[in-house]
Amino acid sequence: YQGVYPVKSNQDRFVVEDIVKFGSSFRFGLEAGSKPELLLAMSCLCKGNPEALLVCNGFKDAEYISLALLARKLALKHVIVLEQEEEVDMVIDISQKLSVRPVIGVRAKLRTKHSGHFGSTSGEKGKFGLTTTQVLRVVKKLQDSGMLDCLQLLHFHIGSQIPSTALLSDGVGEAAQIYSELVRLGARMKVVDFGGGLGIDYNGSKSGDSDLSVPYGLQEYAHVVNAIRFVCDRKSVKHPVICSESGRAIVSHHSILIFEAICLTAPATHNEPINIPFIMEGLSEDACADYWNLRDTAMRTGDGAFWFYADQWKQRCVEQFKEGTLGIEQLASVDGLCEWVLKAIGASDPVHTYNINLSVFTSIPDLWGIDQLFPIVPIHKLDQRPGARGILSDLTCDSDGKINKF
């Protein structure tokens, strides 16, 4: 096994350098998907293990390919992964001009597809990769150019946050068949790169039905080696080096954000005695009828109907207040009575607002932008059982600057 870290997951210099440093004994490499990422990866890997892989993915123009071939001259173990058929022509042409023998990989579009939020990049209609027909044409072009021995890696990607290991094993088995066929056609295959997809259990549910969780752990994920071994043994193909690009699994927990709860805003409560005759003085006939319905319901029916009439009465009173026919003191008493009704039937569910020294848009924009769920825990009073429901509200003027999903 030889993993690579996809730089796109977090391009922070210190994160990438630490991964190269601590992964050196494991020959752990980097994956780049653009020219800036490639330059960053080349710079960092010059200080890493010389056997570590530099996987070059993404859209490639002549400049990108020239940079990747330069990595070869720097003694980096680069692999140029073809994601579009026309890229093979540029690789052949530029490598001959620079007198560099490249290491080439192909990204295959598998039939295996998952239906989750991140599954759109997989399957025959996926965004990236070559179809079976295109792979065969690439093999033919490399053969005609005397460079078929340069083809050494097969790459595929089922999608991020793969929901089950059964789906992954199915895709790996399909890829192993393609790998074995490429060996049969004369390519000197060495590596199977099955991309990313190792999921993170963000919400702790261990469920395969949510985009925020997976029902497996690292050990179960590693069992996919069985699918590769089964195919290779059956076809008498030498076992490949297995490579993965698990960016989310490596860096999703790399940092911790600690913030202070400045103050607490508790739900408003009505402590004054409720004067029913005072309320009734200003009510319209319809509002009075709603009140008597509420009173009759309280004596003879269940909680559900009781709350229905209470809410209907409250809305009628609010409309009167908007029209100017009900005073603010009477409206406050109506709120107090409805609050008492909720408590009486056990439906009261007060939510506290904790004002936190934080800007959601600055520190955790993914929470707002893509509804990413972040594990949040207190750092004090851990010996006490939580007893209140709450919302975390930041100190900015943005109405979306709050955390209400946990």
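Note: Cβ is positioned from N, Cα and C throughout, glycine not excepted.
Annotation for Leu198 (substrate binding site): spatial neighbours Ile162, Leu218, Tyr221, Ser244, Ser246, Arg248, Ala249, criterion Cβ-Cβ under 8 Å with sequence separation of six or more. Summarising the annotation, Swiss-Prot assigns substrate binding site to Val192, Asp193, Phe194, Gly195, Gly196, Gly197, Leu198, Gly199, Ile200, Asp201, Tyr202.
Per Swiss-Prot, the feature N6-(pyridoxal phosphate)lysine maps to Lys8. Counted within 10 Å of its Cβ, the other Cβ atoms near Lys8 (N6-(pyridoxal phosphate)lysine) come to 16, all protein chains included.
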Determine, using Cα-Cα distances only, which of these binding-site residues is closest to Lys8 (N6-(pyridoxal phosphate)lysine): Phe194, Gly196, Ile200. Gly196
Fewest other CB within 10 angstroms, which one of the binding-site residues Phe194, Tyr202? Tyr202
Which of Val192, Ile200, all binding-site residues, has a Cβ with the fewest other Cβ atoms inside 10 Å: Ile200
